[in-house]
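The structure appears right after this line, and notes come after that.
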Amino acid sequence: MNCNEGEGGDSMNTEERREALVYMCGYLPGVSPEKSPVLSLAQVRFPNRMDGGDSWKDVCGGGCGFAMAISECGKLITWGSADDEGQSYLVSGKHGVMHEASLLKAAAGWAHCVSVTEPGDVYSWGWKECVPSGKLIHDLAMVGIPQTDTIGNQSSSPAEQVSPMPQGFNLTSGTVSHLDSKRAGEEVAKRRKVSSPKLESETLTGGDDFFTLSPCLVTLGPGVRITSVAAGGRHTLALSDMGQVWGWGYGGEGQLGLGTRVKMVSSPHVIPCIEPSSSGKDRASAVSQGTKVPGSYVKEIACGGRHSVVVTDAGALLTFGWGLYGQCGQGNTKDQLRPSYVNSLSNSRVKTISAGLWHTLCISVDGRVHAFGGNQFGQLGTGADEAETLPRPLESPSLESKHAKVVSCGARHSAILTEDGQLFSWGWNKYGQLGLGDSVDRNLPSQVSTDGCLPKNIACGWWHTLLLAERPA
């Protein structure tokens with residue numbers, strides 16, 4: 001059933017209706033039998049059993065070998081391969097997972113996933129060390145869906161082609177849908193409890209014991225409502241509606257902001273980014289290594305491979321975690337064990353952020369892009385391959401007079417959307433993840449063709465890029 005049914009969708013003026021489409025480029029092992037990369041943007045289609053019954057709401061990137069997007073009805077659609085080259089990550093949607101409410105956001109790390117529902121509940125599954133300890137929610141059990149080894153088939157019907165984009169891909173992987181049961185929702189609420197941080201030694205196991213297939217409800221404090229989630233290589237952050245940041249998973253480089261190199265944190269803890277002001281004049285101020293910085297609460301979070309980035313409501317940027325390539329923007333290559341203010345951006349108010357495996361990008365309120373960290377493949381877009389330990393503004397001729405509004409980092413590539421609806425990408429392009437029609441790396445932003453569509457959002461995975469775009473219905 002169409003989720004807009006009964007809401008007057010049919011009476012809407014046809015000229016005003018626009019449909020949301022998802023496109024992808026890059027490498028997803030399950031896209032074709034030959035495991036060949038997709039060098040130009042190609043449309044991603046709904047599974048056949050859902051054709052005509054839903055539309056896209058958002059793109060969520062994905063992890064190693066798999067991609068994720070959210071349908072208008074709040075279903076998590078995933079595709080790709082969960083068993084590429086003998087590595088059974090078991091998180092790419094070869095099964096469907098039932099949630100008691102529509103999904104709001106989702107994110108994926110190297111081999112784990114995290115999602116947040118509209119009521120603010122968080123679920124995690126995949127690599128077991130990345131999933132908080134606690135009771136699995138068996139009444140939200142996994143349901144098997146028959147799969148094939150490929151998700152993409154070139155449409156044989158000319159009417160199904162989306163001109164001028166390349167061939168589309170039909171999804172045959174799993175979906176995460178909402179559960180129409182009040183009982184399940186009530187049971188989830190009952191299981192909420194306060195979890196004190198449990199610090200454990202890092203333990204690695206093999207085989208099936210290494211993965212959690214069923215979504216695990218992440219237990220936070222009573223009344224905590226999460227609005228956004230982010231996933232790094234092996235750690236996870238969650239942002240509450242009160243501007244608190246929660247973290248769990250691997251923290252060996254300080255990416256959990258505890259001030260120590262604790263290997264594993266198996267229960268969520270609050271990361272001390274914000275501390276009440278002792279003067280009482282301000283409601284609160286961010287604290288970075290004892291230095292007060294502008295802000296009353298955190299408004300956005302991002303995870304890199306082994307570092308974390310947050311932005312306060314006042315536009316202050318704080319980073320913590322692995323710093324070997326300068327990805328923390330502190331002017332050095334030291335690990336930051338606690339949230340640290342990037343004071344070189346004190347004259348710029350940061351609006352939005354993203355983090356890759358070794359690099360970080362941010363956009364200021366005036367639309368300027370700043371980049372720092374590793375640059376081995378040109379992922380900073382500076383025109384060179386030298387790392388930057390301090391934020392450097394991008395001054396590429398292609399971005400002259402442009403104002404960026406959305407940014408996303410893959411493992412070693414980057415992409416932005418500008419306010420006038422243009423898409424630019426740069427960095428590692430071995431698998432065509434830049435969407436430029438070839439596999440040549442770029443160290444400067446290059447415009448990607450999106451003829452006939454209006455880009456709305458982008459999300460870079462490890463080896464691929466997803467685009468959410470609109471076109472007239």
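Just so you know, glycine gets a Cβ as well, placed from its N, Cα and C.
Please treat TrEMBL annotations as automatic predictions, because they have not gone through curation.
Residues or ranges marked as compositional bias 'Basic and acidic residues' by TrEMBL: 180-189. Summarising the annotation, TrEMBL assigns domain 'RCC1-like' to 215-468. Annotation comment: TrEMBL describes 180-202 as region 'Disordered'. Under the heading repeat 'RCC1', TrEMBL lists 243-314, 315-366, 367-420, 421-471.
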Helix, strand and coil residues within the repeat 'RCC1' (367-420) as assigned by DSSP: 3 helix, 23 strand, 28 coil
Integer average pLDDT (0 to 100) for the repeat 'RCC1' (367-420): 97
Secondary structure tally of the repeat 'RCC1' (421-471) (DSSP, helix then strand then coil): 0 helix, 27 strand, 24 coil
